[in-house]
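**Q** One structure is given below, represented as structure tokens, and several questions about it will come after.
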Amino acid sequence: MPIALLKFPTDLRREVFQQCDPFQLYALSKCSKRTQRSIKLGGTRNWKLQFWGGNLIVASVDGLRYKFGKTENPDEYFKTQHAGRYVKYMGIQWGDAFNMFFYLLETFRIRVVETLGIYYGNLEKFLNAARELIERKIEVEVFHIEDTSEVKDMEKLMRLLNQMNISQKFTCFQKFSSNFHHNLEKFPKEILIHYSFWFTIDQLLECSCVRIELYGSTLSNQDIDLFLQKWKSPGSFPNLRWLQIESENIDNKSPILGMIPPIEHNHPPRTRVSLGADSSILNPVGVTKEDGTVGWMKVELATRSTLKFLVFNPIAPRI
Amino acid sequence: MSSTEQGTSSAAPAEPTTAPESAAAPEVPESFYYVHGKDKVVHKVSAGALQHSALIHGMISNLGYTEEQAKANPFPFENIDGDILQMVVDWCNQHKGKPTPPEDTNLPKQKEKLFDLVLAVNYLEIKELLTYCCKQVAMMVKGKSPEEIREIWMIPTDAEDEAAEKEAKKRAGKEAAGETAAAAGDAK
């Protein structure tokens, strides 16, 4: 028995749209221009989108994932299927992936992008997307730059980074040219940077992250000593819970907090401090902040030596 | 009744407090109200059941009707079909004093009545039932293509919308022209 939805008063239509899932709303948006306009009356949704520049866009809704996948086969258009317990898939037709991303963002009135990853596509499109997200003041929870040769001149994108609202995590696996410089001015909760030679001690000293992971760093014993000396003073780096630096410039030539690397607790009993599976240190040395907070540190020497530093801090946000 | 008549003035002796703590408070008799729809069939509903409707609850909260007064003054809902009102009343009775579970099996199932039911529930401001009804409406198009949705929800195509818009403009133009001609005739 059909129902004339468009004859419903606006507030009722909005109520119905609120009960629709992303697949229903998308199909509805394709019914007519009028329904497309009508859907937007539904207000802002707390849904989130994930996009990596390719042929898949994921909408996250209350623990469920709705995957929109590109298909060229008309028989598969709007066909839905379960792709796991909490995952559903719908094949749809689209031309440009970025246009589809913004179409869904607009249609669903989404304010938060869960993950924006750069894996495929061309830089111009990512630049436009970044500008658009900045202009719309859309929060990006996780921004990931893959080490991809497909996207050229990534440096240009990095210039927009400080204007983007990245809230949870920034990961960068891109290998920039040796003369690359960039100064991160705003920090999300976590940063993870490979080939991090460009992330200088000055930036580290300004960093407000909960978790910092720097690989391929050029930071030296002196830099790390400077950082830890600053950490020891009360009120410094109140958020910090995990710092990991892998650098070719960590050596046994100069002290870090008065200790020459390698730095570890050599005497029994063996101890392990941990914040989780990927954040643990075996036989660390305790370091006490002036306010009594205890940090645990270990420095291992290798071709690329590594500092691991963990802080148990009940005040800092969880990671 | 004034407070003095009820024997609660300051001069009245204090009530002895000998009743055991576990004794149940005396039950307040439930009050009933009466409603009718377009068909004038009157339904007797308890105030507890009517609490689901923000509209009716607002209407009755300050009335203080006696049973006779309530019977003599049923609330008329002339814009609601009798059978729809019956469904709503049944639902309110079934859910008197308790919240609706997420999957409510006691809800009206008739799809052909859904449109009128949604409008009635919206008018009566029964939030929980409205949410459920809208969920039912939304479920009608689950897994459907745009063509199927257009059919189920009677959505015109862009071409039909444009044609209707043109027709409406044409009609408005004719009406305006008619009015101008009539005004000119009046002036003569």
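Backbone N, Cα and C atoms are what each Cβ position is placed from, and that goes for glycine too.
Automatic prediction, not curation, is the source of TrEMBL annotations.
Summarising the annotation, TrEMBL assigns region 'Disordered' to B:1-25, B:160-188. The feature compositional bias 'Low complexity' is assigned by TrEMBL to B:8-25, B:178-188. The domain 'SKP1 component POZ' annotation in TrEMBL covers B:38-96. Summarising the annotation, TrEMBL assigns domain 'SKP1 component dimerisation' to B:127-170. Feature annotation from TrEMBL assigns compositional bias 'Basic and acidic residues' to B:165-177.
Could you place the listed features in the three-dimensional structure?
**A** For the domain 'SKP1 component POZ' (B:38-96), the number of residues in each DSSP class (helix H, G, I; strand E, B; coil) is 30 helix, 7 strand, 22 coil.
Using DSSP to sort the residues of the compositional bias 'Basic and acidic residues' (B:165-177) gives these counts of helix, strand and coil: 13 helix, 0 strand, 0 coil.
Below 8 angstroms of C-beta separation, not one residue of the same chain at least six residues beyond the ends of the compositional bias 'Low complexity' (B:178-188) sits close to that stretch.
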**Q** Quick one: average pLDDT across the domain 'SKP1 component POZ' (B:38-96), no decimals.
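**A** That region's mean pLDDT is 88.
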